[in-house]
Amino acid sequence: MAAMSCENCSFQYYSQLNQPLEASCMLLLIMLGKVSLNLFMLGVRRRDVKQSFMGYFCISLALLDFTLLVNIAFISYFEDFALWGMRFTKYHICLFTQIISFTYGVLHYPVCLVSVLDYYMTIAQTPKPASIGQRLFYILAVVFIWISVLFYILKVPAVSAELEIQNHFFTCPFYISVQSYWLSLAIVFVICVAFVICWSEVITMVRSVRIISFTSETVLIFSYASDCNCTVCKKQLLTRLLICFLGTWAPFVFLQMIILLLGAQIPAYMEMNVPWLYFINSFLIATAFWFRCHDIRLTEGTWSADPFVSWKFCFIPFNNQNTEQAEKSGTVII
């Protein structure tokens, strides 16, 4: 079966001829691994994290993946059964997975756009516990995005035609998201450009970095600072954000580079996962910090936006004098 064109879609089509539906066992194992990875990432994140749109969306994605896993396991076990007047067979495993793949394939841009707007608007605000209204807004925003994208997918004529062809030929093709490819390429490009711009600062700052114990937490102190005018401070901040980001996500960055270089085609239902979203989340937070650095209020709650990266030591101290004061105030050099 040849690939069909889809001018208004944000994904590519990659088919495998006459793929047997008996591959449902392999699909079941893949989804089991993905759900386990999602739960692991949700479990190891910091608990004292400020409420955000991305956090709620990650939870919703984990729930939807778990629901898909349960459906695949249920259909694989009973193989052919009727429920509420509808007959379910192994074909529906492929059908549900492909609908999910189409949906995941067009979610990258909307989720990133809403998330970066959320951080840009709230990153400089005085931190306070999320109100019921704010939590309800995030929940409604997540539900609205899921429903809107699902209706968009089901209303696209080319997608409906693809699903009908699959039903006729009993094939189970894979769908590759173009959005995830370009988003990954953009993130890697920005990181490389930032490293080229700040490479001398990165080397000098890494040499001067010190590990200290602060409030029972191991942290980094950047004691190096040059003459700090507006331009230099922005460059130093970019360097510190780059070091902190790569200090946590360097393996993931290298993985993205390998995938891009090899041109690996990963199905959309696998590519959209909680680790990938938290990786993008840290990148968006760093971007918001850099653009709004002059509006950031140096309070403890400001740095709780990221479940994995501690950004506060990118801002304080900015010179050796502040470092010495911080050490005298109770920090201990390891």
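Each Cβ is built from the backbone N, Cα and C atoms, and glycine gets one as well.
TrEMBL has this to say about the protein:
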TRANSMEM  21-41  transmembrane segment
DOMAIN    23-289  domain 'G-protein coupled receptors family 1 profile'
TRANSMEM  53-75  transmembrane segment
TRANSMEM  95-116  transmembrane segment
TRANSMEM  136-154  transmembrane segment
TRANSMEM  174-200  transmembrane segment
TRANSMEM  241-264  transmembrane segment
TRANSMEM  276-293  transmembrane segment
With CB pairs under 8 Å as the measure, which of the listed stretches 53-75, 95-116, 276-293 comes out on top against the transmembrane segment (174-200)?
95-116
Grab the same-chain neighbours of the transmembrane segment (53-75) for me: Cβ-Cβ under 8 Å, and only residues 6 or more beyond its ends, written as numbers and ranges.
24, 27-28, 31-32, 34-35, 38-39, 41-42, 88-90, 92-93, 96-97, 100, 111, 114-115, 118, 138-139, 141-143, 145-146, 269, 272-274, 277-278, 280-281, 284, 307
